[in-house]
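Chemist: Mind having a look at this structure? Questions to follow.
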Ligand SMILES: N[C@H](CCC[C@H](N)C(=O)O)C(=O)O
């Protein structure tokens, strides 16, 4: 099957973007894994599918698949690239759009400075909303947050849990460059306390408005940046009394800005870059 695609990235988190507004999306899990493979296919952290809206109050539908082929609820860096893609390709003339995802509507808006600002909706913290199975887990309160002890890879890891539509576990570390991302990351990603697995953030608070973050992503491993991970880490830091309501997080692939008013229904806003790298065509085998 001949597949047209566009390669994009948001702060180094890279994507294959496929326009499925005119033809139904029918790729198998094996085909998704093939195109995302960095040696055998195109290579990407995630695959973003652009579909026509299914409801009158939205402009598009947005589907996201991880490098491992699994479909997931949300992708923040991808949302920025999605907005850039549909505008640049003339699929819309709007600079602010409403996009339906598996877990609600997000609203990306192209900014005059070239960045994209996304209303990511409100964060959720209740264990059942993550989901987190709390059976047998110790927990403690820290400011307005709750930390859960997840024993993994030989460490007692105290994590905040946040859902941005997708699940995140965030731990605070003294130095992100020394954090055991490649060992603790997969151990927590696949921990039985997270029945749908989890993205794992390693956050270093530098000041009340600055931080450093590395994320081991569910279904993709460590990425150069994670948009929902940045939202989750910023919100966890705010709830733990480490950050003000606006914070910039430096990740290996670039800088992301997060704003949240701290109210239970207040949206988290994610601001950052979105770049188009190349377009192409690939012959996808019937697998
Ligand atoms: N790995 C994530 C999906 C991609 C999220 C990330 N790339 C972002 O920018 O938010 C998950 O399994 O929930």
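A Cβ is built for glycine as well, from the same backbone N, Cα and C atoms used for every other residue.
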Chemist: Starting from the substrate binding annotation in TrEMBL that includes 13, 46, 66, 76, 77, 166, 217, 218, 227, 228, which of 30, 156, 199 is the extra site residue?
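Modeler: So, going by the record in TrEMBL, that would be 199.
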Chemist: Excluding near sequence neighbours, so keeping only residues 6 or more apart in the same chain, what lies with its CB under 8 A of residue 13 (substrate binding site)?
Modeler: 45, 46, 77, 78, 223, 224, 225, 226, 227, 253
Chemist: Give me the sequence-ordered set of same-chain residues, not including 13, 46, 66, 76, 77, 166, 199, 217, 218, 227, 228, with a C-beta within 8 angstroms of the centroid of the substrate site's C-beta atoms.
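Modeler: Close Cβ neighbours, site residues excluded: 45, 64, 72, 74, 75, 78, 215, 220, 223, 226, 229.
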Chemist: Hey, of the binding-site residues listed (199, 228), which one tops the CB count within 10 A?
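Modeler: Buried the deepest by this measure is 228.
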Chemist: Out of these binding-site residues, 66, 77, which one has the fewest other C-beta atoms within 10 Å of its own C-beta?
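Modeler: The binding-site residues 66, 77 were compared, and 66 has the fewest Cβ atoms within 10 Å.
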Chemist: Roughly how many angstrom lie between the C-alpha atoms of residue 199 (substrate binding site) and residue 75 (active site)?
Modeler: 11
Chemist: Give me the count of other Cβ atoms within 10 A of the Cβ belonging to residue 226 (active site, proton acceptor).
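Modeler: Looking across every protein chain shown, the total is 34.
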